[in-house]
Amino acid sequence: MRLILMGPPGAGKGTQAKGVADHFGIPAISTGDIFRANVSQGTPLGIEAKRYMDAGEYVPDEVTNLMVRNRIDEDDAKPGFLLDGYPRTLAQVTELDGMIAFTGHALDAVVVLTVNSEELVQRLLQRAKTEGRADDTEEVIRRRQEVYAEQTEPLIDVYRGRGLLIEVDGLGEIDEVSGRIFAALDAVKQS
Ligand code: ADP
């Protein structure tokens with residue numbers, strides 16, 4: 001399976017990604033997690049990415065694309081992968097198309113978690129209290145939502161046009177949402 005998990009900041013992508021990936025026996029690849037790991041280790045990639053992340057902006061495509069390309073090349077991703085937080089721009093979509101075509105495979109599905117924006121801000125502010133992520137202040141959260149609407153929402157139509165889009169209601173208990181994702185993807189797998 002080659003899957004993309006999309007959704008606005010706070011939709012629960014990170015929470016769902018691991019469970020979905022385990023269910024299909026593939027690695028969950030989260031660009032946000034990879035960036036954060038680099039930031040905490042103080043690598044050159046982390047130092048560069050931090051400037052953008054702290055402001056709620058996207059890290060430049062060239063940087064992100066190269067990082068994903070290297071990760072997808074690793075052995076554990078040969079049978080498939082679930083991408084969490086990538087692609088986020090139209091340029092990243094094109095780049096990913098090339099990476100997947102190169103392996104001789106195709107994308108199986110793009111899952112979008114839908115949640116209304118007030119609920120999203122509340123969740124993120126709550127997460128700010130428990131996890132203390134540097135980019136979870138109210139101002140930065142609002143900026144991340146704007147950037148998502150401007151740069152990432154258009155991807156939904158692109159994948160819908162390709163017949164790959166699956167919209168899943170992201171409201172409810174974690175298990176309830178996982179159940180909806182599994183049901184939708186099991187149907188794809190069998191088709
Ligand atoms: P969120 O909880 O907002 O979905 P993530 O944990 O996925 O956030 O990502 C955190 C930050 O990492 C983003 O705000 C952005 O700065 C950077 N980032 C993650 N993925 C990408 C990407 N595909 N392209 C550019 N920047 C990215």
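Heads up, the Cβ atoms here are built off N, Cα and C, so glycines get one too.
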Looking at TrEMBL, GLY10, ALA11, GLY12, LYS13, GLY14, THR15, GLY172 are annotated for ATP. Which of ARG69, ARG71, ARG127, ARG133 sits in that same site?
ARG127
Write down the one residue from ARG144, ARG160, ARG162 that TrEMBL lists together with THR31, ARG36, GLU57, TYR58, VAL59, GLY85, TYR86, PRO87, ARG88, GLN92, ARG133 as binding AMP.
ARG144
Taking only the residues the record lists as binding AMP, namely THR31, ARG36, GLU57, TYR58, VAL59, GLY85, TYR86, PRO87, ARG88, GLN92, ARG133, ARG144, what is the largest Cα to Cα distance between any two of them, in Å to the nearest whole number?
25
Taking just the CA atoms, what is the gap between GLY172 (ATP binding site) and VAL59 (AMP binding site) in Å?
31
Quick check: of the binding-site residues listed here (GLY10, ALA11, GLY14, THR15, ARG127), which one has the Cα closest to that of THR31 (AMP binding site)?
GLY14
